[in-house]
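Report on the following structure.
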Amino acid sequence: MAAAMPLALLVLLLLGPGGWCLAEPPRDSLREELVITPLPSGDVAATFQFRTRWDSELQREGVSHYRLFPKALGQLISKYSLRELHLSFTQGFWRTRYWGPPFLQAPSGAELWVWFQDTVTDVDKSWKELSNVLSGIFCASLNFIDSTNTVTPTASFKPLGLANDTDHYFLRYAVLPREVVCTENLTPWKKLLPCSSKAGLSVLLKADRLFHTSYHSQAVHIRPVCRNARCTSISWELRQTLSVVFDAFITGQGKKDWSLFRMFSRTLTEPCPLASESRVYVDITTYNQDNETLEVHPPPTTTYQDVILGTRKTYAIYDLLDTAMINNSRNLNIQLKWKRPPENEAPPVPFLHAQRYVSGYGLQKGELSTLLYNTHPYRAFPVLLLDTVPWYLRLYVHTLTITSKGKENKPSYIHYQPAQDRLQPHLLEMLIQLPANSVTKVSIQFERALLKWTEYTPDPNHGFYVSPSVLSALVPSMVAAKPVDWEESPLFNSLFPVSDGSNYFVRLYTEPLLVNLPTPDFSMPYNVICLTCTVVAVCYGSFYNLLTRTFHIEEPRTGGLAKRLANLIRRARGVPPL
């Protein structure tokens with residue numbers, strides 16, 4: 001009996017934590033998917049989504065062991081009492097007018113909005129510390145987020161996960177439109193993935209190909225979700241999304257055909273061993289069985305049909321966990337070829353899109369204008385508009401005008417928070433009803449302020465960026481969607497769940513603006529210094545030379561033998577001597 005005890009302890013020691021995992025199922029899971037969509041303009045959009053779900057209450061349980069969920073983000077949730085966190089880095093602009101509505105759009109630059117728990121006493125302090133920590137994690141300039149570019153929206157940004165209340169005091173939102181996205185931001189983003197970039201869909205994340213695109217956006221979304229149908233407990237969901245748009249005419253030598261290797265310079269070799277689901281969706285909505293206009297190779301595992309963003313879509317599904325899909329060739333290169341060139345038809349116009357511009361002349365006054373387009377033939381719907389304007393553009397609120405079809409359009413809800421010089425920006429939120437088949441113009445005049453010479457950014461003649469407008473709306477759908485199980489549906493269809501199948505939620509962003517401010521001639525001090533130093537050096541040098549130089553009078557020397565002979569000859573000729 002005594003000899004059996006050490007043997008039992010040795011067995012438990014050898015099993016370690018893995019032995020206990022045999023009795024208890026894993027509390028976390030990973031799903032990954034790639035959606036490839038040929039756009040109406042001829043470009044190709046690729047959207048990656050990696051969802052890590054952890055059945056744990058991080059703020060109540062003393063978590064010390066992390067398996068799939070990144071430890072760096074898990075500690076942020078616990079330390080700063082986060083309810084939700086949404087961070088995105090975007091290079092380029094999503095052209096909604098030509099590409100259609102995206103699954104998840106983000107503004108140019110960096111965007112961060114966070115919901116804190118109601119137990120946080122000093123939200124501003126936690127917000128500042130959190131932005132500094134995220135700046136270090138993602139190698140970004142998020143440390144430039146301060147009170148001058150932070151606002152607290154009251155209606156535009158609702159929690160995407162579970163929320164008992166919506167006290168907007170615990171919400172913070174900021175945008176850095178000047179932020180430049182590069183590989184330094186992509187590398188830490190990939191390291192958060194359970195398989196990094198070694199296996200699964202993440203092997204396609206090759207930096208030189210991802211940044212050689214018309215549009216690049218990567219994001220991190222953290223939110224609490226229900227663990228079961230009754231929602232008796234919560235789980236934490238981490239979504240890492242990456243969207244890129246390839247120019248098919250450049251990558252395909254003038255053709256609309258595409259393949260994984262042509263776009264990413266890599267192919268899929270093996271699934272991620274930690275993923276419970278790994279799929280590739282290819283949009284084949286334009287496929288016609290009678291005409292057979294396109295061909296997808298290799299044959300897909302199955303097909304999927306659903307109403308996505310108000311349009312019925314058909315997708316070819318490639319299941320990477322299917323052993324017959326990759327093991328046969330150890331190389332999965334999905335290709336789409338057009339058997340005959342597609343007809344050059346005008347791309348369908350989305351029901352909602354917008355654009356923004358600045359007008360005026362001179363460097364004193366100007367006007368901000370936003371055009372909201374509702375192209376639905378017979379349905380009107382409301383749009384929530386959010387504008388964040390820097391403090392150095394002083395808005396004239398009495399000049400705010402909203403017109404639709406030549407008539408005044410009064411907003412049903414308006415919230416305005418004036419700016420304070422060097423402390424906080426302007427915040428303007430409005431709920432506007434867009435008539436059917438109309439263009440609504442929202443304009444407001446402003447005056448440029450004079451900055452201190454220390455407040456100008458590097459290269460001030462380039463201009464100062466103004467954050468884009470944010471549009472949130474429930475757009476009517478042309479096709480009624482059936483209620484689906486959000487846990488079983490694809491990831492690209494479950495970020496904004498809407499119970500009403502006749503509408504779908506979209507959040508769009510306009511272009512960031514570039515405004516010129518009265519800028520002093522920063523080269524003038526340099527010119528003055530150079531001129532002053534030159535004049536002083538020349539004048540002082542001359543006077544100093546005269547005051548310190550010693551002058552000596554030299555007596556003329558008598559000439560030598562040659563000179564005396566020359567003088568004798570000159571005298572003989574009657575010429576004055578030398």
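Each residue's number is its place along the chain shown, starting with 1.
Each Cβ is built from the backbone N, Cα and C atoms, and glycine gets one as well.
Note on N185, N327: Swiss-Prot annotates N-linked glycosylation site at N327; no matching annotation appears for the rest, which is not proof of its absence. Of the listed cysteines C195, C226, C231, Swiss-Prot assigns the disulfide bond with C272 to C195. Of the listed cysteines (C182, C226), only C226 is recorded by Swiss-Prot as the disulfide partner of C231.
Listed by sequence, the residues of this chain that lie at least six past the ends of the topological domain 'Cytoplasmic' (549-578) yet keep a Cβ under 8 A from its Cβ atoms amount to none. Most buried of the disulfide-bonded residues C231, C272, judged by other Cβ atoms within 10 Å, is C272. For C226 (disulfide bond), the Cβ neighbour count at a 10 Å cut-off comes to 15, with all displayed protein chains included. Its Cβ taken as reference, C195 (disulfide bond) is surrounded by 22 other Cβ atoms within 10 Å in the chains shown.
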